Amino acid sequence: MKVGWPGESCWQVGLAVEDSPALGAPRVGALPDVVPEGTLLNMVLRRMHRPRSCSYQLLLEHQRPSCIQGLRWTPLTNSEESLDFSESLEQASTERVLRAGRQLHRHLLATCPNLIRDRKYHLRLYRQCCSGRELVDGILALGLGVHSRSQVVGICQVLLDEGALCHVKHDWAFQDRDAQFYRFPGPEPEPVRTHEMEEELAEAVALLSQRGPDALLTVALRKPPGQRTDEELDLIFEELLHIKAVAHLSNSVKRELAAVLLFEPHSKAGTVLFSQGDKGTSWYIIWKGSVNVVTHGKGLVTTLHEGDDFGQLALVNDAPRAATIILREDNCHFLRVDKQDFNRIIKDVEAKTMRLEEHGKVVLVLERASQGAGPSRPPTPGRNRYTVMSGTPEKILELLLEAMGPDSSAHDPTETFLSDFLLTHRVFMPSAQLCAALLHHFHVEPAGGSEQERSTYVCNKRQQILRLVSQWVALYGSMLHTDPVATSFLQKLSDLVGRDTRLSNLLREQWPERRRCHRLENGCGNASPQMKARNLPVWLPNQDEPLPGSSCAIQVGDKVPYDICRPDHSVLTLQLPVTASVREVMAALAQEDGWTKGQVLVKVNSAGDAIGLQPDARGVATSLGLNERLFVVNPQEVHELIPHPDQLGPTVGSAEGLDLVSAKDLAGQLTDHDWSLFNSIHQVELIHYVLGPQHLRDVTTANLERFMRRFNELQYWVATELCLCPVPGPRAQLLRKFIKLAAHLKEQKNLNSFFAVMFGLSNSAISRLAHTWERLPHKVRKLYSALERLLDPSWNHRVYRLALAKLSPPVIPFMPLLLKDMTFIHEGNHTLVENLINFEKMRMMARAARMLHHCRSHNPVPLSPLRSRVSHLHEDSQVARISTCSEQSLSTRSPASTWAYVQQLKVIDNQRELSRLSRELEP
């Protein structure tokens with residue numbers, strides 16, 4: 001590679017050959033002295049990623065070369081360009097806040113002329129200021145999407161942090177009090193009110209509202225631990241839930257940490273936090289920024305980033321620091337736990353922990369719940385408030401049965417324990433083991449006590465088993481049809497219950513009430529099937545009578561089409577079980593004429609990349625990516641495969657057809673289709689998907705995979721249509737429609753498709769179309785900027801999470817982030833801890849999976865005029881969503897054709913092809 005500005009001498013840059021005589025001995029860490037400042041090579045050397053293990057050869061024309069020893073692939077930020085760029089970003093952010101503060105000041109003067117005036121307090125006069133409480137009242141009176149005092153306090157804290165608001169005594173924390181006075185710096189602005197100014201004010205308040213929660217969290221962390229309020233402790237605790245350094249800790253420990261964490265900022269890169277050999281006094285978590293880890297002899301070992309931690313080992317082992325920590329960039333923020341607090345928390349955890357042993361081995365570990373950590377109800381008299389941390393599967397089940405009472409409600413902690421167990425039991429207790437254990441408990445009778453006591457014990461125990469089984473059936477529903485062990489167990493249990501009149505009558509009385517009080521959704525998102533009580537209970541619904549809304553759900557026993565291509569692009573379609581293995585697919589192919597043995601099954605994407613499939617791989621038809629196809633070929637032909645023409649995507653766009661349908665109606669059609677896919681996902685599919693098929697072989701995640709494929713399809717659909725629109729004017733109109741489409745999807749609470757469309761608009765092939773973006777009206781560009789805020793990934797997508805928390809169901813969440821959270825929980829926590837099941841991990845996975853149940857707890861109202869609404873209306877009209885297909889948004893394209901179009905989108909997913917088309921549009 002040759003490097004140089006036009007007119008400069010060219011430098012040839014490449015890996016050095018160690019045995020080359022032209023190089024001589026490499027000079028480790030040396031830089032060539034002959035490289036002038038300002039040349040392109042000088043800039044390359046500043047920004048170039050240089051691994052320690054390689055030397056680089058720099059050949060200047062007619063001059064002797066030199067060698068450079070690299071440090072690591074991560075670029076260091078001590079170059080002037082990087083510092084200038086970072087400072088410019090911070091300066092731009094500050095300018096936006098200052099401008100927002102001036103706009104807010106101007107509007108407050110116009111609406112509340114007496115807000116800012118001279119104040120007298122404790123014999124002191126404060127000129128031209130307002131009290132904290134009055135300022136909060138004034139901003140609340142503006143409306144503009146601000147609904148709570150805490151939200152306004154966050155806005156004011158942002159203004160205070162950036163200097164757009166000042167405390168008369170220079171306090172750094174905003175307080176909503178009458179005796180705290182604040183003033184806006186600078187001259188008093190002219191009170192001008194225009195329609196455009198009101199729009200800018202709304203945009204300013206939205207910006208401040210977005211940054212408000214982060215400012216409040218920083219204030220809470222800056223406070224001394226003893227001065228933090230309960231609300232601030234909850235805020236810190238919520239933040240700790242998304243920090244990977246503490247993901248392995250229990251929630252009770254995280255609450256303890258929230259009370260002792262200290263905020264420690266450092267402003268300058270190169271600051272040494274501590275040195276190797278120092279005494280360990282603190283444990284650090286990186287909240288913002290990054291650090292370099294350096295040791296004697298090895299130099300730079302690694303770089304740690306946001307969410308990583310360091311320093312814990314020295315506290316645990318009471319040993320000196322094993323490395324030196326150096327700030328890698330400016331403005332690094334750390335969360336610090338001092339040694340005495342660290343040791344106290346460890347001791348408190350041990351004091352709250354109870355271990356049960358059998359035959360000299362620990363079989364159950366319980367932790368006493370902290371006061372206020374549980375639901376807001378008084379503890380039940382005589383019942384200890386312990387949480388299962390780990391245990392053997394049998395002991396966890398035994399404790400669950402003992403904890404279940406006949407009078408527990410849906411808000412009882414036992415109900416959550418039951419839900420956690422049922423959602424995750426396949427991870428640690430397969431159905432065969434669970435059924436055997438339940439039958440064992442059903443037959444167990446106590447050895448001592450009177451006959452009446454024994455009879456009461458047996459009756460209560462069997463009631464608990466029936467209740468657990470009924471909830472198990474309610475959760476999994478028809479998924480148990482394909483499990484022979486489960487069906488056999490349910491039949492045996494039905495026979496046993498039929499012999500006991502008390503249990504049969506109790507089952508008939510309790511089941512309808514249980515169904516009304518506690519609805520555990522099945523795979524279709526509707527009410528769970530109830531048992532039909534005749535002479536014997538029928539546990540499972542009749543397969544001949546499918547449940548409402550289940551037509552699109554793929555079950556384990558279903559057969560799906562396997563479209564298999566030959567190298568000549570001829571296609572054979574087989575109907576095979578969705579969980580069929582590659583070996584079974586090849587066996588079915590062997591029975592077809594013209595197919596020979598010795599061939600392999602591979603999947604090929606639109607770029608022509610082929611990946612061989614292992615014989616034991618299952619569900620390959622439903623796990624195919626976007627525009628991927630299955631090919632059966634001889635092994636030597638794999639590298640010669642050419643994608644099927646259908647994989648390459650369209651060559652002509654649909655801009656003319658899309659012009660006939662409004663963005664509102666298009667969003668409604670997309671949302672209706674997404675709901676049909678989203679409702680087909682069972683909660684447990686998230687857990688199965690994260691664990692992988694190698695752990696659970698007799699389950700399918702086809703519904704979840706189909707929904708994820710739809711997400712990818714939508715984002716590439718946006719990029720495809722824009723790249724296939726050759727005329728600048730219509731292309732700008734199409735871009736405008738997609739931005740409005742994203743806004744309507746957000747309004748309809750379809751956040752998954754909203755993110756997909758926004759990701760499509762941010763595709764590099766689209767974002768580079770500068771002339772197209774310039775054609776957009778200013779109002780549309782402002783709308784796009786406002787929508788982009790929800791995509792902010794900082795602090796683990798805090799903006800999105802806060803927005804989601806404010807939405808009431810029905811909601812379609814951003815599924816990739818939910819799966820990321822599930823993967824984070826799975827990979828950050830061991831399933832086994834000291835040979836016991838880590839039930840704390842199961843609890844966290846179940847909590848994440850229940851997000852689907854929460855989002856679908858109210859039925860959506862169809863938004864498309866094509867689909868019937870009568871059968872979908874919810875009983876509670878207050879939660880029904882209003883149709884967006886108003887008279888003002890009627891489209892000239894028929895709803896039927898639009899519905900067919902959104903279900904069969906054709907896209908180009910080859911990024912190289914999209915980039916090529918983009919360059920043709922705007923070179």
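Using the three backbone atoms N, Cα and C, a Cβ is placed for every residue, glycine included.
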**Study point:** Correct range for region 'Interaction with PDE3B' (source Swiss-Prot, candidates 68-92, 218-242, 493-517, 643-667)
**Key:** 218-242
Review point. Can you name the residues of this chain that are 6 or more positions from GLN312 (3',5'-cyclic AMP binding site) yet have a C-beta less than 8 Å from its C-beta?
Key: TRP283, PHE342
Point to revise | Additional residues around 3',5'-cyclic AMP, ordered along the sequence, whose Cβ is within 8 Å of the centroid of GLY311, GLN312, LEU313, ALA314, ARG321, ALA322 | key: GLY280, TRP283, PHE310, LEU315, ASN317, ALA319, ALA323
Practice item. Give, as a single whole number between 0 and 100, the mean pLDDT over the domain 'N-terminal Ras-GEF' (384-518). Key: 82
Practice item. Have a look at the binding-site residues (LEU313, ALA322) and report the one with the fewest Cβ neighbours inside 10 Å. Key: LEU313
Check your understanding: If you skip the near sequence neighbours and keep only those at least six away, which residues in the chain come within under 8 angstroms of ALA314 (3',5'-cyclic AMP binding site), Cβ to Cβ?
Key -> LYS279, GLY280, PRO320, ARG321, ALA322
**Study point:** For the domain 'N-terminal Ras-GEF' (384-518), residues assigned helix / strand / coil by DSSP
**Key:** 104 helix, 6 strand, 25 coil
